[in-house]
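Undergrad: My questions all concern the structure below.
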Amino acid sequence: MDDTSTLIDVKEYPDTEVQKNRVLTLEEWREKWVDGKIGFHQEQGHQLLKKHLDTFLKGENVLRVFFPLCGKAVEMKWFADRGHCVVGVEISELGIREFFTEQNLSYSEEPIMEIPGAKVFKSSSGNISLYCCNLFDLPRVNIGKFDRIWDRGALVAVNPGDRKCYTDIMLSLTRKGFRYLLAVLSYDPTKHPGPPFYVPDAEIKNLFGSTCNIHCLEKVDVFEERHKSWGIDYIVEKLYLLTEK
């Protein structure tokens with residue numbers, strides 16, 4: 001890793017009240033999918049995941065990999081193609097169906113009996129299962145434990161007031177020896193209310209520090225023209241590797 005990649009100077013702001021009280025409903029997230037407002041989706045996959053894939057997988061085979069708030073992340077097929085078992089959770093049924101369609105994967109669907117109105121979509125190959133439900137309802141279903149968690153666009157999308165509950169669920173899903181890759185964003189939260197929400201280093205330490213070793217792998221300037229409409233003039237993505245203490 002290029003040492004300069006972790007030396008980008010990022011100003012840390014205390015978590016602001018405007019974001020602490022911010023709430024997006026599940027229906028608002030569904031509407032984003034219906035309206036095509038999914039700027040968070042990366043058609044070519046996540047570059048930092050590609051770069052640090054060996055660190056994440058650590059040469060192990062047939063891993064169980066969890067994708068919280070998965071959307072139609074193309075990386076799910078990457079892992080499945082490598083022989084890993086992928087499980088995701090997503091509130092938008094449209095997003096899940098688009099994943100299978102765009103990846104040319106046949107699938108089946110069935111109701112989740114423990115969660116009224118929820119469904120699980122499974123690839124015909126059997127190694128991709130996507131749960132269409134509220135992530136916070138997921139503990140009602142026994143989906144097993146995971147060796148790896150890829151958290152990109154998840155912690156930053158969860159309402160700030162729900163972060164502790166979210167983290168508790170994530171850590172409850174980990175197996176011994178897990179590796180948890182977490183991508184968060186830094187920008188001036190006084191200028192943009194989110195989502196994606198600003199997650200400072202102190203918050204990550206507060207959420208994960210008691211149970212995880214926390215290592216920042218890389219910081220990257222990801223500012224694009226579209227971010228100007230947010231009222232900000234910089235945005236930095238930070239990638240953390242969380243491992244068992």
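Every residue, even glycine, has its Cβ placed from backbone N, Cα and C.
Small disclaimer: the values here were computed from a predicted structure and weren't measured.
Below are the features I grabbed from Swiss-Prot:
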| type | residues | note |
| --- | --- | --- |
| BINDING | 29-40, Leu69, Glu90, Arg152 | S-adenosyl-L-methionine binding site |
| BINDING | Phe40 | substrate binding site |
| MOD_RES | Lys58 | N6-acetyllysine |
Undergrad: When neighbour density is defined as the number of other C-beta atoms within 10 angstroms of a residue's C-beta, which of the recorded positions Lys37, Lys58, Arg152 has the lowest density?
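TA: Taking Lys37, Lys58, Arg152 as the recorded positions, the minimal 10 Å Cβ count falls on Lys37.
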Undergrad: Check each residue in the chain of Trp33 (S-adenosyl-L-methionine binding site) that is at least six apart in sequence and keep those whose C-beta is under 8 Å from its C-beta; list them in sequence order.
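TA: Sequence-distant Cβ neighbours: Ser92, Leu94, Gly95.
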Undergrad: Asp35 (S-adenosyl-L-methionine binding site) to the residue listed as 'N6-acetyllysine': how many Å between their Cα atoms?
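TA: For Asp35 (S-adenosyl-L-methionine binding site) versus the residue listed as 'N6-acetyllysine', the Cα atoms are 39 Å apart.
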Undergrad: May I ask which of the binding-site residues Trp29, Glu31, Lys37, Leu69, Arg152 is closest to Lys58 (N6-acetyllysine) if we compare their C-alpha atoms?
TA: Arg152
Undergrad: Which one of these binding-site residues has the most other Cβ atoms within 10 Å of its own Cβ: Glu31, Asp35?
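TA: In terms of Cβ crowding, the pick is Glu31.
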Undergrad: In which DSSP state, out of helix, strand and coil, do we find Arg152 (S-adenosyl-L-methionine binding site)?
TA: strand
